[in-house]
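S.K.: Encoded as structure tokens, here's the structure I'll be asking about.
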Amino acid sequence: SDSGSDSEDSSLSDSELQEAFARGALKPGLNVVLEERPKRRNDTDGLKQCLAEFRQQLAWVERLDVTLGPVADPVSQSASASDAVDPENDFQREMSFYRQAQAAVLEALPRLRKLQVPTRRPDDYFAEMAKSDQQMQKIRQKLKSKQEAMERSEKAKQLRAMRKYGKKVQVEVLQRRQKEKKNMLNAVKKYQKGLSDKLDFLDEEQTSSQGNKKGNASQRTKKGPNAKRRYKNQKFGFGGKKKGSKWNTKESFNDVSSFQSKVAHNKGPGKGGRGGKGGKKALNKRPGKRARQKMKNRAR
């Protein structure tokens with residue numbers, strides 16, 4: 001019965017305990033106040049007995065325990081400088097751990113080689129990974145997407161920089177043109193009002209336009225014929241001068257040796273004269289069969 005009441009008391013909630021305390025149903029003696037703290041005991045004999053129970057006398061290959069101090073510091077050349085390490089200094093503390101691990105490796109490796117224990121992993125050794133291939137594939141895809149996003153962001157930054165530079169250049173060009181136009185208008189107004197009799201701005205404009213024309217002409221002359229034209233000129237030659245070949249010269253004008261009066265005055269045979277074959281009858285003559293066929297073909 002007492003155990004049942006204890007279980008019921010322990011299962012009561014805080015609200016029920018508060019209601020019982022308000023009714024006065026709680027009896028004194030539930031909370032015991034200790035007058036002094038219990039003393040701590042250091043049972044060395046018991047600890048040694050426990051250590052001897054679970055200690056196993058195994059070979060060093062099975063234990064691989066090495067207890068050594070740190071190696072000599074290359075800067076201070078001292079190995080026993082444990083008191084000089086400041087525990088609050090993270091760098092010194094980590095370096096002391098690193099040098100102690102170095103000393104353990106230098107001591108353990110020769111012993112392992114002496115016992116013919118391999119210390120390097122074979123080339124054909126494959127260890128099972130802690131993460132599955134699906135998880136690694138997800139990580140790889142995430143890293144790839146992150147890298148692509150960074151590349152896109154970098155390209156966008158470069159495009160924005162190029163646009164800014166282009167706008168800056170365009171604004172500079174417009175400002176320079178506006179400045180030149182303003183200077184030109186001011187010079188024209190001064191000339192109209194009689195404040196200045198110089199027309200240097202017109203000369204500058206003409207020289208600039210002439211310079212542009214000369215530059216275009218030089219570009220045209222420097223261009224020359226293309227490779228196909230040069231090959232044909234080399235193979236067939238230039239063919240002589242064509243332009244102006246039928247112009248009269250002083251010698252051709254004075255040369256009348258090939259002049260024929262009958263042909264010039266339309267008196268020769270077949271020229272439509274009275275006594276010739278090319279009279280009215282010749283003009284009214286019907287064309288031949290071949291001529292008519294040619295005319296039909298041309299009409300088609």
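Note: Cβ is positioned from N, Cα and C throughout, glycine not excepted.
Automatic prediction, not curation, is the source of TrEMBL annotations.
Keep in mind it's a predicted model, so treat the numbers as computed, not measured.
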S.K.: Could you tell me which of the ranges 76-97, 142-163, 164-185 is annotated in TrEMBL as region 'Disordered'?
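M.R.: Residues 142-163 are the ones TrEMBL records as region 'Disordered'.
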S.K.: Could you give the number of helix, strand and coil residues in the compositional bias 'Polar residues' (254-263) as assigned by DSSP?
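M.R.: Helix (H, G, I), strand (E, B), coil: 4 helix, 0 strand, 6 coil.
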S.K.: DSSP helix, strand and coil counts for the compositional bias 'Basic and acidic residues' (145-157)?
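M.R.: The compositional bias 'Basic and acidic residues' (145-157) comes out at 13 helix, 0 strand, 0 coil.
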